[in-house]
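Participant: Quick one: this structure, given as structure tokens, is what I'll be asking you about.
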């Protein structure tokens, strides 16, 4: 399969951040849509700043409103909201509009959700649930939803480009002379005959563009990224297969890497970029006491397990921190 090129305008239709579009165009062409999506996630979460995120959010119409322009992005938005618009009553659309206004006033940007296949009632329920979030937490959720939309649009873009290439190929074949087609057929038989009986190639795993385990820290009390926090990543390597709750685990943890969060709250590289991650138990620790001397936590450690079936996946383990509370989740 030929590599597919994505230019800046096409990337901008998939995600309205100019930073994202420029980086995608530079990384083009792509051997497959899955590889393009992997690169897109790396760019969106590790290279686009908060200003770029907000620019992408602003490119979306308000949920419940039909896009007014005829750009590719607008038409995709219309299709993504089709189920919501089809299932909404007049009173439902008005309630959506009212809650959208309340959301924008609190968070400063449109309510973002991957609306494809969702009814108006589902979207309204999710909007109400997320309205109670802290702004910095909601920013992270919105960025995840934007990536879902970007992935959906990249798949549409690649599908359209593949169909266009196929149509052109069919046209070229149709206008070829009968003699040319016969020669091609004979040559094709000779080329494919010796391949019979050989096993099919195993599907290739896409090469990573970033370490398989990453993190960032958001200070929810200040509503900003937490810069300057020391981070350590360790893996459990001991005769005991895994650490157990309530038992001493001194000596079982081996350092994979350490770093300090930058001004965007992202840590540097904590481990090597490997295609297959070693399955096992990992611990990521943050020196929160140094960052918040008057806080409740001298440090925070998060222990998680990666199964053998997950070794080709990406694990993003962020920390949402305040002086007297913290939370985490598995992102991608």
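Every residue, even glycine, has its Cβ placed from backbone N, Cα and C.
Pulled from TrEMBL, these are the listed features:
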type	residues	note
BINDING	216, 266, 329	substrate binding site
DOMAIN	12-155	domain 'Oxo-4-hydroxy-4-carboxy-5-ureidoimidazoline decarboxylase'
DOMAIN	213-331	domain 'Transthyretin/hydroxyisourate hydrolase'
Participant: Can you give me the same-chain residues 6 or more apart in sequence from residue 329 (substrate binding site) with a CB-CB distance under 8 Å?
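Facilitator: When sequence neighbours closer than 6 are ignored, residue 329 (substrate binding site) has 318 within Cβ distance under 8 Å.
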Participant: Which entry in the list of binding-site residues, 216, 266, has its Cβ near the fewest other Cβ atoms, using 10 Å as the limit?
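Facilitator: Fewest other Cβ atoms within 10 Å, among the binding-site residues 216, 266, is found for 266.
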Participant: Express the predicted model's confidence over the domain 'Transthyretin/hydroxyisourate hydrolase' (213-331) as a mean pLDDT, rounded to an integer.
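Facilitator: Reported value for the domain 'Transthyretin/hydroxyisourate hydrolase' (213-331) is a mean pLDDT of 89.
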Participant: What is the maximum Cα to Cα distance, in Å and rounded to a whole number, among the residues 216, 266, 329 annotated as binding substrate?
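Facilitator: Result: 15 Å between the two most distant Cα atoms.
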Participant: Could you give the number of helix, strand and coil residues in the domain 'Oxo-4-hydroxy-4-carboxy-5-ureidoimidazoline decarboxylase' (12-155) as assigned by DSSP?
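Facilitator: Helix, strand, coil within the domain 'Oxo-4-hydroxy-4-carboxy-5-ureidoimidazoline decarboxylase' (12-155): 102 helix, 1 strand, 41 coil.
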